[in-house]
Amino acid sequence: MPPPVKLAIIGGGPSAFYVASRLLSLLPLKDPMSPPLRVHMYDRLWAPHGLVRYGVAPDHPEVKNCTNKFDATATDPRFRFFGNVNVGSTPLHSIPHALHLPLTSILNNYSHLLFATGCTMPTLHPAISPSVYCIPALSLVHWYTQHPSQPPPPALDEITHLTLIGQGNVSLDIARILLTSPSVLRQYDVPEHVLEVLSRSTVKHVSIVGRRGPLEAAFTTKELREMINLPEASMVPIEPTLLTPPSGVALTRQQRRTLELLQKGSKNRPGSTPKSWSLHFYRSPASLTLPSSASALDMANLTLAHTRLDPATHRAVPTGETSTLPTSLVVTSLGFHADPETTFFDPALRHLRSSAGRITSPDGSALKNMYASGWAANGAKGVLASTMIDAYAVAGTILSDIAPSSEAVTTAAPPSPEMEIAPDELLNRRPDLDALPAEIAHGIKDGMVTQYDDWKVIDAEEVRRGGALGKERERMGWDEALSFIARAAVIN
């Protein structure tokens with residue numbers, strides 16, 4: 001029989017849960033040929049599920065159905081979740097109440113380690129510095145999902161025109177939230193304090209700027225269709241020449257549908273609605289000039305460099321022309337990267353240094369029994385389906401290491417190609433399967449570390465409160481959740 005396996009997973013989002021689910025299902029508890037196994041998951045956030053809870057737009061509840069699978073994974077007695085735990089050297093400034101756990105405590109207590117830490121930092125635009133007139137999209141997303149980092153609410157009652165830089169799904173999510181009536185959003189997972197701010201919003205127009213053309217836009221046709229069908233907003237018509245594909249270019253199905261939707265225009269006639277939105281193609285921010293006074297009515301001036309597509313590289317290159325767009329607030333939505341303070345961060349890749357699911361040393365050799373999955377390993381790209389496929393492949397790699405002769409290896413996704421593995425072992429070859437790092441044991445005792453049973457108590461209460469308000473759920477913040485868990489423990 002293979003030796004016991006004690007896997008620590010850092011990160012509690014979809015990739016982490018998909019890897020855990022795959023391993024636990026392919027190594028059944030009652031199979032005498034399966035190695036003794038424990039899977040302990042750590043997350044800096046107090047609630048599990050990562051971007052499913054704190055990134056998916058609230059009016060897309062169907063995307064969150066994957067949490068049913070995650071709940072099933074958590075019922076396996078070999079699995080444990082520890083929330084509100086910040087592992088390693090990553091600064092605590094974003095989650096000040098998180099318990100700090102040195103990476104050495106993980107290395108000393110586990111035989112295998114998976115990083116599924118995602119990409120938690122927004123990519124900023126080099127030409128525009130953050131200010132009261134320019135914020136990252138992540139700040140807005142974290143605000144309307146009540147992320148534990150607790151960003152301040154935007155001053156929507158002082159804004160008439162908002163400009164989004166970037167034409168991905170996150171930009172369209174934000175535009176859709178701002179252009180949809182709070183009475184419509186109220187049925188979804190939108191906190192009451194967010195609805196209150198949205199009800200006072202004076203936003204009338206949202207501009208969505210991209211450096212390339214409609215064929216290269218990153219948004220999906222589903223998201224574009226939702227924008228076009230907004231009941232209280234209309235789209236500014238796009239110059240027809242921009243929607244004519246170059247001759248001889250074979251379009252994908254998505255590109256054809258995108259052009260068809262943009263040519264058709266919005267459901268509402270332009271100018272017939274109280275709010276509107278526009279797509280600006282072939283434009284790249286060059287500078288942002290702030291107003292001379294601090295009056296809420298004064299706008300900043302966003303200078304946009306006009307661009308064209310280089311036919312050889314398909315990159316946007318400046319034409320030399322510029323134009324100015326007055327705007328109340330600029331929101332940059334240019335993707336995400338891993339925290340540079342994270343162990344094994346590669347500055348060139350902007351995510352963890354890894355290959356085929358294995359953490360690698362600077363010389364390219366794999367570190368024994370150390371893995372990475374999801375955005376942490378591949379960068380911030382893909383959707384839940386691609387995240388699951390990647391996670392299953394990484395699970396296959398782990399299985400090939402812990403039970404190479406097991407039939408489960410052939411059942412799993414194909415393992416990664418053979419690599420040179422460094423002989424040095426950073427982890428504990430023979431850990432106590434059920435022991436916890438001392439910091440975690442104390443954190444549980446002190447009520448600072450949440451476990452999955454705690455989350456299910458909060459989950460049920462959020463759904464109950466939401467039901468009383470006629471909505472999907474009403475979220476709790478950390479302080480309220482901590483008090484509620486403590487009261488529930490006393491009652492039980």
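Glycine is no exception: its Cβ is also placed from the backbone N, Cα and C atoms.
Residues or ranges marked as FAD binding site by TrEMBL: Ser15, Leu51, Val87, Trp375. Residues annotated as NADP(+) binding site in TrEMBL: Gln167, Gly168, Asn169, Val170, Arg211, Arg212, Glu223, Gly382.
Spatially close to Trp375 (FAD binding site) yet at least six residues away along the chain are Ser15, Gly118, Cys119, Phe336, Ala338, His351, Lys381, Gly382, Thr387, judged by Cβ distances under 8 angstroms.
Binding-site extent for FAD: residues Ser15, Leu51, Val87, Trp375, maximum pairwise Cα distance 18 Å (rounded to the nearest whole number).
Sequence-distant neighbours of Val87 (FAD binding site): residues of the same chain at least 6 apart with a C-beta under 8 Å from its C-beta are Ile10, Tyr42, Arg44, Leu101, Pro102, Leu103, Ile106. The number of other CB atoms found within 10 A of the CB of Val170 (NADP(+) binding site), across every protein chain shown, is 25.
Distance between Cα atoms for Val170 (NADP(+) binding site) and Leu51 (FAD binding site): 12 Å, as a whole number.
The C-beta environment of Gln167 (NADP(+) binding site), restricted to residues of the same chain at least 6 apart in sequence and closer than 8 Å, consists of Ile208, Val209, Gly210, Ala217, Ala218, Phe219, Leu279. Summarising the environment of Asn169 (NADP(+) binding site), the number of other Cβ atoms within 10 Å of its Cβ, over all protein chains shown, is 18. Put simply, Asn169 is the one of the binding-site residues Gly168, Asn169, Arg211, Glu223 whose Cα lies nearest to the Cα of Leu51 (FAD binding site).
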